[in-house]
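What TrEMBL records for this protein:
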- Glu461: active site (ACT_SITE)
- His460, His465, Glu518: Zn(2+) binding site (BINDING)
Amino acid sequence: DLFPSATVEKANQKGSSCLKTEMVDSQYYLPNDIGISALDCREAFRLLSPKEQMYAHYLSRASWYGGLIVLIQTSPESANIYVLLQKMFRAQAPQQLETAATAAGLSAEEYQAFLVYAAGLYANMGNYKSFGDTKFIPNLPKFKALVWESLAFKQSPGDMEALWGCCCESLYSLEDKLKQLGLGEKGISAYFSGNCCLEDAEFAQKFLDSKNLSAYNTRLFKTEIDGKQCYEVRLASGKNEVCCGKHEFEDAVFSVKRGDYAFLMEKVCQNLEKAKDCAANDNQKRMLEEYIRSFTCGSVEAHKEGSRYWIKDKGPIVESYIGFIESYRDPFGSRGEFEGFVAVVNKAMSARFAQLVSSAEDLLPELPWPPAFEKDRFLKPDFTSLDVLTFAGSGIPAGINIPNYDDIRQTEGFKNVSLGNVLAVAYATQKDKLTFLEENDKDLYIKWKGPSFEVQVGLHELLGHGSGKLFVQDDKGKFNFDQTAVRNPETGELISSWYKGSETWDSKFSTIASSYEECRAECVGLYLCLNKEVLSIFGNEGEDAEEVVYVNWLNMVRAGLLGLEFYTPESKSWRQAHMQARFVILRVLLEAGEGLVGLKECTGADGRPDAVITLDRSKTYTVGKSAIQSFLCKLQVHKSTADVEGGRALYEGYSAVTADGTHNFLRLRETVLLRKEARKMFVQANTKIKGSYDAVELVEYEGSAAGLIQSFVERFPDDAEKVEAQLLEMTCMDSSCWC
C-alpha cells in the first residue's frame, strides 16, 4: 500500500490550509498568457527513410522513459504531482475536464491557470523551473475542489485522495528553503537526502575521487548508525543490487549501490535494444551497446565509451544523445540530470556551421591566451543544425556542446549541435514586451536578434566550449605540458598548479564550474563575433554585419540585467548558470567605463520603476574588445591551471549583487522582477508504430497548454499505469529522506 490511511487522515485534518494561496511574489506563478509553441519537425521527419523513422522512434521512446527520472531528481513531490495530473487528464481531456472545473466553482481564468500549471509541470519535469530553479505553484485556490469533481476521483476516490494527501502541502508551500533548488539551508535538492549540506557533498566527492568514481549518475543519502556517519552512493542502473561495495573512508562508511531508477533504466535499455536493430552503421550499434551497458550496470566508463563511438559517427541523418549529461541543477555541480534528444539534420543550415568548423584552426590563435594554453590539436567536430523531434528532460537549450567528459573533449573530440526549430520559435519577441531598451534600439533588436544569436550560438558552442587546454598530471606522473617552460601570462611565473589523477574541471571547481564555463564560452562568442570572416560565414556583410555585432553585444548586456531575476538575495546565490554568466559580463563591461555601457534607473510610462541599458557601438571594437580580451584570458588561465582559489575569487567577485557602488543591483533586481516575462514552453510531437509494425506515424499537437498536456497523456500509451505506479513506489521509498 503506497498510501497508508494515516497519510490520508493527516491530509484531511489539515483541512483547507494546504489549499490556500497566499499573496506571494508573481515569480512563483506561471502567467496565464505564457508563451507556448509547438516545435515543427513534420517535414524533417517526413524526409527520413522508414528505417530512419523507426530508429528515431525507439530512441525517442528511450528518451521519454528516461526523462521521467528528472521528476525524481527535481523534488520529493514532483512525481506525485505528475501522477495526479496524469490520472486526471487520462480520464478527461482538458476540454472535458473544463466541465468539472465549472462544477467545482472555477472561473475560466482559474481553469486556465490550472492548465498552465499542469503544462509547466510537464515542460519542466517537476515543479521547479528548469531555467532558474525557482518553485512555481498553482495560481488558483480551488485545486482540491477540481480534483474531487474530476472523473478520475469518481472512478478511484481512495487512490486520488491518497495522492492528493501526499502532495497537497508541498504543492503550495513557499517556505524559504522550498522556494528554490539548493543544498542545505539554501534550498531543496533530490540529488541529496535532506540532511546533507555542502560539507557532505565535498566529503563525498573526495571519496568518489579516491575510488575513481564519477558522480554524474549518482545521488547521495546520509544516515547515522551507532554515532558513525554513513553515506549511500546510489548509481542509476537497471541492475538492482543491494550493495556493490562498502568502504571505510576517514571517519565514515560509504556504501555504493546500484539500482537507482531501476524500472525506468530498464525501459530505456529495452528501447535502445530495439533502436540498435535500425542503426545505420557499426558506430551507432556499438554506441548503443555501450549505453545499454552503462544504464544496466551504472557504469559511467561505459557511457564514455559509447560517447567515443558517438563522436566517430560523423554526419548522421538522425542525431541523438542520451544519459546523465548536464550538471547545472546539482547544487554541487557534479551530478548530471537525465536527458535524451533525437533530432534530424537541417542540411542547409549545417553547411554554414561546417564552414565555421573549417575556419576554426585559423580563429583559435586569435583567442587571447598563449598557444601553450590551447589544445595541442584541434579535433574538428561535427557541427550540425538539427530540427528536434524529441528532447526529454527539464528544458530545451538552443545549442549543445557534448560530451562533457574532459578527458574525451581534450584528446578525442566532441560534437556541436544548434537546435534550429527551437531557435525559430524560442526567441521571437514582440516590441511591446521588449524591456529595458531605448525605443530606437528595439526595432534593431527585433530585426537582428535571430541572426546575431545564430552567430553567438555557433561561436559559443564550437570555439567557446571547444577551446582551451587543461594542464594535467596523470596517475603515472606524466604531464601533458612542459612544466619547466610554460608560464602564467598574468604573472610571468612558471605554472604551479594543475589537475592531478582523476580530478576534473567539475570536481575541482564544483559549485561555480557550470556558470564559469558558460561565461568563458559567452566571452569567446563576443570576442570572435568582431571578426569579419566569422560574420561572412553566416552571410552577414557590410552594414548588416555591423548590426549583427551591435545587437549581439546589446543582447548580452541586456541579458546581464535580466539575469538578476535568477539571483536570490536571502542566500546570496545564483539559480541559473547562463544568467549568472551574463551578469558577470555586464559587470565587466560596466567596469570598462568610457561610456561603453550605460545603465540608468527611471520611471516607466506606466508609473512603475524601470531601467534602460545602452551600448555605445563606436567603442565595441576598442573599449569593449579590450575588456573582454583581458577578462577572457584570466578565465582561461585559472581554468587551465586548476587554480580554484584564484578563479573563484575572480568569478564570485563579479557575481556579487549589492546595493553599493555606481549601480544598486539589488534595487534593479526588484525592477527586473516587476517587468519579467515568463520563459516559453514547447509542445513536442509523439511517434507511434502503425498497426502493420513497419511504419512510424508522427502525432502533432497544437501550441497551447492543452496541446502540451495531451502530448504527455498520449506519451506512454501501453504502460502508463505501471509507469506511474513505479514512480510512486520510488518516491514513497525515499519519502523519509526529506522529512
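Glycine is no exception: its Cβ is also placed from the backbone N, Cα and C atoms.
TrEMBL annotations: computationally assigned, not manually curated.
Structure coloured by features recorded in TrEMBL.
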residue : record              : Cβ contacts under 8 Å, 6 or more apart
His460  : Zn(2+) binding site : Gly399, Ala521, Glu522, Val524, Gly525
Glu461  : active site         : Phe383, Gly399, Ile400, Asn401, Asn416, Val417, Ser418, Ala521
His465  : Zn(2+) binding site : Asn401, Phe414, Asn416, Glu517, Ala521
Glu518  : Zn(2+) binding site : Ala577, His578, Gln580, Ala581
Sorted by sequence, non-His460, His465, Glu518 residues with Cβ within 8 Å of centre, Zn(2+): Asn401, Glu461, Gly464, Glu517, Arg520, Ala521, Glu522, Val524, Gly525
